[in-house]
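Engineer: Copying in the features that TrEMBL gives for the protein in this structure:
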type	residues	note
COMPBIAS	272-291	compositional bias 'Basic and acidic residues'
COMPBIAS	300-336	compositional bias 'Basic and acidic residues'
COMPBIAS	337-346	compositional bias 'Polar residues'
REGION	189-231	region 'Disordered'
REGION	244-346	region 'Disordered'
REPEAT	451-483	repeat 'ANK'
REPEAT	518-551	repeat 'ANK'
REPEAT	552-584	repeat 'ANK'
REPEAT	643-675	repeat 'ANK'
REPEAT	736-768	repeat 'ANK'
Amino acid sequence: MTAAMYGKPKPKESVLDLCTRATLLGNNISVRMLEFLTNVKHQPHGFRELANDFLDICRILWSIEAGLSEASRTHQEFPADMIKELDLKFRQTNSDFQVLDHMMFEFLEYEKKGAMGKIQRGWRMMFADKEILRMRESIRKARDALRMSALVFQWSLGNSKTDDAVGNGYAGLAAALDRIGNNNSTVRISKSKSFEVQPAPPPDRSDETSPPLPPLPQVSSQPPHIPPPSLVEKMSADFVLQEVRLSPDPRRRTSISNRSHHSSSENGHSSRIPDRRAGRDDITISEHGQYDLHPISTKVHTERRPGRDDATFSDRDTYDAPSRISDRRNLRDSDHTISPSSSGTETLIGELQSIADSIPTKVVRLKADPMTMPRWTPRHNANGNPSLKTSLIAAVQGKNHKLVEQLLDRGVSPDTGPDQHVLVDSVLCQDHESVRLLLLFGADPNSADKDGITPLFAAVEMNSIEIAKMLLKYGADPNMSAGSSQESPLAISVIDVKIEFVHLLLTYGGDPNHIMANGNTVLIASMNKATPKKLVDLMLDYGSDPNVKNREGKTALFETIMAARVDLLTALLDHGANPNLPGPKHMLWPATYQAPCLKVLLSRGADSKKAPGNMELAVSINNIESVRVLLSAGVSPNIKKDGIYTPLCTSIRDNRADILELLLENGADPNLNSAEYPAFKCVTHFRTHFLPRLVAAGNDLHNPKGIIEMAVKVNNMEALMWLLDQGVNPNDKGDDGNTPLTTAIKENRMEMLDELIAHGADPNVRGTDWPIVMSVQHPEVLKKLLPAVADPRSFKGLMERAVVANQIESVKLLLKAGVSVEDKNGGVFSPLTSAIREDNKEITKFLINEGGADINAPGEHLPIVKAVRRCRGDDTDIIEMLIRKGANVNKMYRGWNAIMQAVENGDAKVLKLLVEAGGVDLEARDDAGRTVMEIAAGRGWEESVGIILWDGKNKA
């Protein structure tokens, strides 16, 4: 069944709908552009050029729409591949038009919002230049993709129907641009009724319909026999690659154009267009369709369609060069963007390029001799006429090659200065013919414009290989820095991976060891993950030195290793790169991260002795492949990094059982000390599962000593149990002098202490202190250790330490174990005086009431004196407790008693309490021989004298 039976549109009709949709949307965009040009005094930079580009692609769409309409009318069929390709192109064009329509809508909205809109517009216009530039690039790519299809339909239909689709919006915009540009717009539309006065009245049309055109020829899917190229094929520069003719014809002198007249296509190639003759008038037509001598009126037969207006176009190209190369990235991005409408031609070219890349490059060096290149001496001298200079600039911008030739031949200088550098501008718009003419008449190929852009720099940026070749032949310097980044054409060719340009520039004297602005050599700059090997081989073949260092001390070999490019590494070594040259460090260090690179370096002479410790680095980054490579190369697994770290300990630290096993199998020493010994590392990093393997490999758990103490310190119970089961001595001291038992007591790890005691830990072995002495702070530990101590009384001061630790349970345990309640610490501090000093009423009460402490036995002083000294405020509980137990308030010790202490304190309440309890010994004297009365009188404290005298009266 056919598609028509189901009401499904034919493919070409669907493509026609897409094309019509694009032209309708384009008409709407034209209206908005016209409104913007009318209302806005200062348009953004590049807006008029965008409008010209837009009208140019619209004209192509009209041609295709007319051809599709005619094909639909005559039931002409097209191959499926052609329909599919047109569908993709139209969808992309519609997408670009929608973005442009939205951009114009936003521009107009700002104009309608008043003051706020102006503020928003000012902010937006800061970024409008780049947005317009991106839009122009998109429009130009879409135009190039559609141009070939348009030429096919134009050749089949002629120009009689290509203007039918023009709407009022298009015509109005074209007229406005023509008026602004002084009749020099890109696409000129003759609107017979509204916009332009026709040079001649339209012909009489007795018949509204023209005779039908013959049907289009059937397009075969098989490749046909290729006939000689037709005129249209010569006009299309999309598939024609020809050398630019540079030498003049010696047989003719009158016209340079007659000798070598070339057209410049959009992609930078040239095609030859013969002069045309129209009847008896000798008319020279430029390649842009502009009449140079005597314009004649033409009659265009058009067919009127509903809702559209008649229009006539000139086939003139637009001046579409960017204003300046201020940002290399914009140009580079536009060059590398692949249109979705790319046909099979690009695929074929890519396949051929891949084949070409595999062919070795032949090193050719040519010395450009500008003196041997074609030169033309002007027949006149008009260099001093500024108006002619302006005319030359306009002619170059308009690609009017005939006028360019005439002006140069009149003596206008091709060097127009940096502000309007016509040679750079010609290169930027890839106008081969203008470049050729300017060079022919003596333009300087090394002069720069106001932005520092040289012609050769611009040619490289614009990917115009033929122009670059032409400039080099005329003496352009491939090593001259240019642009805002001050890089040479060779440098940017390398950075942008333009192999063809690199080859060309090296051929014509480019320095393969050129130092870039950032201090890199071009060879170093090329080293990255995506660099084709052919590029590196090319530079090396032309003499790039692989051992030269950049400003940071890096070599190409170092950058290649960092990019993990084994192929480039091999190429550098093949061309003499030194694998032992530090750049900035020895190559084996960065190569440790890349096992394939490491293997190549070691096999090509890299000395592992100059990078001691890279085995440990390989283990540290968990790169087992690099470890294997190093071991296979004979590198010892026992070499330390920085004189400290061993590969074995690092594998234990990182819990890499596979690497540990590999190292042990290849002779790693399990007893070699790193920051720690391997067995200790297993304990401190909780890698107990590695201990059996180390012991099996020969590790000595008993040397050095202290591994169990370390297990207790880091609280590794699993390691402690395993080590005790292996028979390691539980009394071995660690480096800091602690035994496992003292460490367990200090850290209060009861479970470990029980295991140590159960496995024979001796409480009588001193660490940094005696275990029994340390245990008074932990009654539960003391309780476990006392039975194991033969005589706790031999440890002096245990009771006093328990009091200071405020552990009444320890005090009770010690009393029960037979330790004296008067056991002084250091022969001075008694338990009772220490309890009073620490203001511990509970322990004081216990020592007096249950412990039987002597309340008049001195420690650091008499208990009652100590109590008076410690008395604060009205709290006299301890004093009263001592008095009740019979403390002697007048007892002298070291020339001092409690009464004297109370007078010194100036505490009347305590003094009265003491006097009432024991009276006053008026004869007692201190070390200075003073009595208590003399002490009181000397202080002038009458109240204390009264209290003392009151006691004397009572005694009397």
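Residue positions begin at 1 at the first shown residue.
Every residue gets a Cβ built from N, Cα and C, even glycine.
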Engineer: Give residue numbers and ranges for long-range contacts of the repeat 'ANK' (643-675): same chain, 6 or more residues beyond its ends, CB-CB under 8 A.
Structural biologist: 613, 615-616, 618-620, 622, 624, 627-628, 631, 636-637, 681-682, 685, 687, 689-690, 693-695, 697-700, 703
Engineer: Over the repeat 'ANK' (736-768), what does the predicted model average in pLDDT?
Structural biologist: 91
Engineer: Mind checking how the repeat 'ANK' (518-551) divides into helix, strand and coil residues in DSSP?
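Structural biologist: The repeat 'ANK' (518-551) comes out at 13 helix, 1 strand, 20 coil.
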Engineer: I'd like the per-state residue tally for the repeat 'ANK' (736-768) from DSSP, helix first, then strand, then coil.
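Structural biologist: Result for the repeat 'ANK' (736-768), in helix, strand, coil order: 16 helix, 0 strand, 17 coil.
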